[in-house]
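Mind having a look at this structure? Questions to follow.
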Amino acid sequence: MLLKSLFPSILAATSFVSSVAAEDLPAIEIVGNKFFYSNNGSQFYIKGIAYQQNNLDSNESFVDPLANPEHCKRDIPYLEAVDTNVIRVYALDTSQDHTECMQMLQDAGIYVIADLSQPDESINRDDPSWDLDLFERYTSVVDLFHNYTNILGFFAGNEVTNKKSNTDASAFVKAAIRDTKAYIKSKGYRSIPVGYSANDDSAIRVSLADYFACGDEDEAADFFGINMYEWCGDSSYKASGYESATNDYKNLGIPIFFSEYGCNEVRPRKFTEVATLFGDQMTPVWSGGIVYMYFEEENNYGLVSIKDNTVSTLKDYSYYSSEIKDIHPSSAKASAESASSISRTTCPTNTNNWEASTNLPPTPDKEVCECMSASLKCVVDDKVDSDDYSDLFSYICAKIDCDGINANGTTGEYGAYSPCHSKDKLSFVMNLYYEQNKESKSACDFGGSASLQSAKTASSCSAYLSSAGSSGLGTVSGTVRTDTSQSTSDSGSGSSSSSSSSSSSSSSGSSGSKSAASIVSVNLLTKIATIGISIVVGFGLITM
């Protein structure tokens, strides 16, 4: 009876050990302007599909595509069937668990490029900022996904600058890239690439790519995606504009790929551009592309339709399948590419079409902002709704100089407190107004929206406040803090781990590494299985 009850447990344990011990996908690395597998140095081309369903039936602002294992189980076979090796996801809910979907994707050999923003937390092209709220959002996604080796990279922005009148917004996205890369490094995570996804505006596209690729490695984008919809119906390399784009980007210096493609002006889409994209004319410059998109919706870009949780492939799916399965791109080796003549891109000069400063916004620093807030006498009252902040800003900044909280991506001039939370910035200008009105009690009221507090300045804050100056027009060099994001429930490993993001940084310093918890689990279960098998052998039920 003992052996009967023990034997299934032994088999289960050994099966689980086999599952946990399975190799993670090798991380994808960058050398020159190409992607390579980290384990063997062979070139990696993106054969991707955008995978995010619009929110139709929920009060939430978006649907997390990797938080529903049943949907992943339903869809991944259809992704596999068309040789998909990358999906792009546009918004992730950091309060959800993604372990099962990420594991299923890994088992299918599929990598993920994830946008760091979400609809309610992104850089606004019309009023751009890079502040603590966004920094905490971006780093929370990094914390959640850093230890999955099938995370290929992150997008810090998508079509933020989309025409010549808002090129200043790119300075804020580039600051986001800089600080996200610094955060990854400071946490000891593996080196995950961070890039940008642009639209295809002929007036700015070359300057846009050059801007993100130029400068010091610490602040430059690691890769560049372009949402390309020029090839419609039966076109050609020249007629589609692909030839022109390839010439435009041939010296970019970082990997470039189509972060979206698949014009639907002619349907069904036959995807005749696939052979060209992965052909010899384009592969020296381009690293593949991501078809837009998996789900059929009102915009008519889908490869499949889903009704009552049942997948039906569309004609586009069949055409894409036949094209993507027939590609044979040439393959470079990382060892040869390292000796390439491709060098760092030169930053674009300011013109009528391009006005983004190479002087980037300061790093959001929670400690600096907290020091400033504590030093104030007049602050916004806690009962004031954040929706009312804009009216208060408008009123105050019409009466005093608010440059200490403002940021200008064209001139490259940024107030010392421009990266702070809105509440802290509002308190700062309220206090300025109060001081400029000789600290009259009525000057700290604003219709009951402000109140007085006892100002405090800790010794550790003196240097910050001195550098910023009383008006906030000085310069404070913010520091990337590693304690801003909350712990999450995801395992953070391609091969299930029980450690949270807050405790796993030391176990993920190299590509493809298992988390400490996974290693412990494997070792423990191996010992259990070994003991169990020894017992069975000892009873003579198995001969060795």
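Cβ from N, Cα, C; glycine included.
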For Cys369, what is the disulfide-bonded cysteine listed in Swiss-Prot, choosing from Cys402, Cys420, Cys444?
Cys420
Work through the disulfide-bonded residues one by one (Cys347, Cys378, Cys402) and point out the residue whose CB has the fewest other CB atoms within 10 angstroms.
Cys347
For each of Asn40, Asn59, Asn147, Asn408, count the other CB atoms within 10 A of its CB; which of these glycosylation sites has the top count?
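The most densely surrounded of these glycosylation sites is Asn147.
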About how far apart, in whole Å, are the alpha carbons (Cα) of Cys420 (disulfide bond) and Cys347 (disulfide bond)?
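Spelling it out, the Cα of Cys420 (disulfide bond) and the Cα of Cys347 (disulfide bond) are 28 Å apart.
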In the structure shown, which of the disulfide-bonded residues Cys101, Cys214, Cys232, Cys369, Cys420 has the fewest other Cβ atoms within 10 Å?
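Ranked by other Cβ atoms within 10 Å, the disulfide-bonded residues Cys101, Cys214, Cys232, Cys369, Cys420 bottom out at Cys232.
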Rounded to a whole number, how many Å is the Cα of Cys397 (disulfide bond) away from the Cα of Cys232 (disulfide bond)?
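Taking the Cα atoms only, Cys397 (disulfide bond) lies 49 Å from Cys232 (disulfide bond).
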Within 10 angstroms of the C-beta of Cys72 (disulfide bond), what count of other C-beta atoms is obtained when all protein chains are considered?
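There are 21 of them.
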